[in-house]
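Data block below; observations after.
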Amino acid sequence: MMKLNRRKVLMGGLAMAGMPRFAKAKDDGFLELAAFETQMQLVEGEYPKTAVWGFNGSVPGPLLGGVQGERMRVRLRNELTENTAVHWHGMRVKNAMDGVPGMTMQAVPPQGSFDYEISLRDAGTYWYHSHNRSLKQVSKGLYGIVVARESSPLDVDHDLVVVLDDWRLSPDAQITDDFGNMHDLSHAGRLGNYIHAVVDPLPTHFAANQRVRLRFVNTATDRIMPLALQGVEGWIVARDGMPLARPEAMDQITLGPAERVDAIVDVTAEAGGEVLLAFREGDQGYVLAETPVLAGARARRAPVEALPPNPITNITSVADARAVPMVMEGGAMGGLRGATFKGENMDMRALVQEGQVWAVNGVAGLPDAPLFEASLEETVVLNMQNDTAFPHAMHMHGTHFQEVLPDGSFGPHKDTVLMMRGEQRAFAFVADNPGKWLIHCHMLSHQTAGMKTWFKVS
Ligand SMILES: [Cu+2]
């Protein structure tokens, strides 16, 4: 069995879990989401407060959402000193609401604002984050969670969001400003030294046999999170917001940047015990959250059932699909000789000077022409191939894709997938959302350094 030690964080000190502030709607129905710098007690103990960039003065920002089918209106106000924009990760929004500066909207300047109107088409766990200078802005804290609840509530005793992040802090607990240094960009990204979980709402205790829904979100810019739970037994019921056709028995959870998992767990620890969430690294674990367990009278319940499906098309065949190769290259130890950047052929030296060291199909950075143009309702298969020495968390905007499995069946709907070194996997989707959409690595260091492309649906 895995050994867990009581060291809460990698750099020492205590992990803290808190609750973000709620957003209140204005008379016109818009929730205000103001981006500004603030001070936050990120690390407890004798550490000073950390200067962060948050929404409405907290990291994570306010929990947004509602009931599936409702409409969400959010007014982003930029009170920073640089441009920003908000992307709704995993939400199948209209293209104009996708929040990508230069592609779907203009970046919001300081003192500017932008009105987002979003239908909660799908139930599930999603998140929002800055999509402008995103490596820096997400590192500083510009993100929050969106929960779209099922129209009939589940029979659970707690419904908790577990927000995971990885901060790179100086000895006085300040975010280091070495964003985008070439070592981070060309290797595994900006890995931090303080892994932190915020549980919202934070329960004071569980009772034995209680049933708990846990919505895990990895908001880290680059860190893959291997997680383990003790004192519970459970099932994974959704990935990246989308319900699984059949719940999977939960063992360990590994979340790449931006990935989510919804789990429903029963508290198996007895009274006097505790439920632990740990970041697991090899045989060692670091406790991120612990909750005591009190006596409970309720008997354990029936097995967990699948959540009701979301209204997204299930792939049934890829026989007539358009196949699109997507080869990821570059990075340290990647053997990339050169690539095209801004229409110019460059050798590796020139690419390094431009800060562009990753490429998709031989192109670093966003090309002028889309990777492909799909007609509405066309089925597309992305044949991804990771020809680099690092894993990549490949994310597609606009809709979810399903892996084409070797036996010809299709995997769960996902919006982000962890492609390990050397892997070759195919992902199919129906191009049912018109507009211009990004595909990029959600290791934001890699995205910054060139691993991104786009496609068009018309
Ligand atoms: Cu990557």
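Any Cβ shown, glycine's included, is placed from N, Cα and C.
TrEMBL: automatically predicted annotations, no manual curation.
Over the domain 'Plastocyanin-like' (46-150) the predicted model carries a mean pLDDT of 97. What TrEMBL lists as domain 'Plastocyanin-like' is 46-150 (among others).
Residues or ranges marked as domain 'Plastocyanin-like' in TrEMBL: 200-269 (among others). Note: the domain 'Plastocyanin-like' (200-269) comprises 0 helix, 44 strand, 26 coil (DSSP; helix = H, G, I, strand = E, B).
The domain 'Plastocyanin-like' feature in TrEMBL is assigned to 348-457 (among others).
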With DSSP helix as H/G/I and strand as E/B, how many residues of the domain 'Plastocyanin-like' (46-150) fall in helix, strand and coil? 9 helix, 48 strand, 48 coil
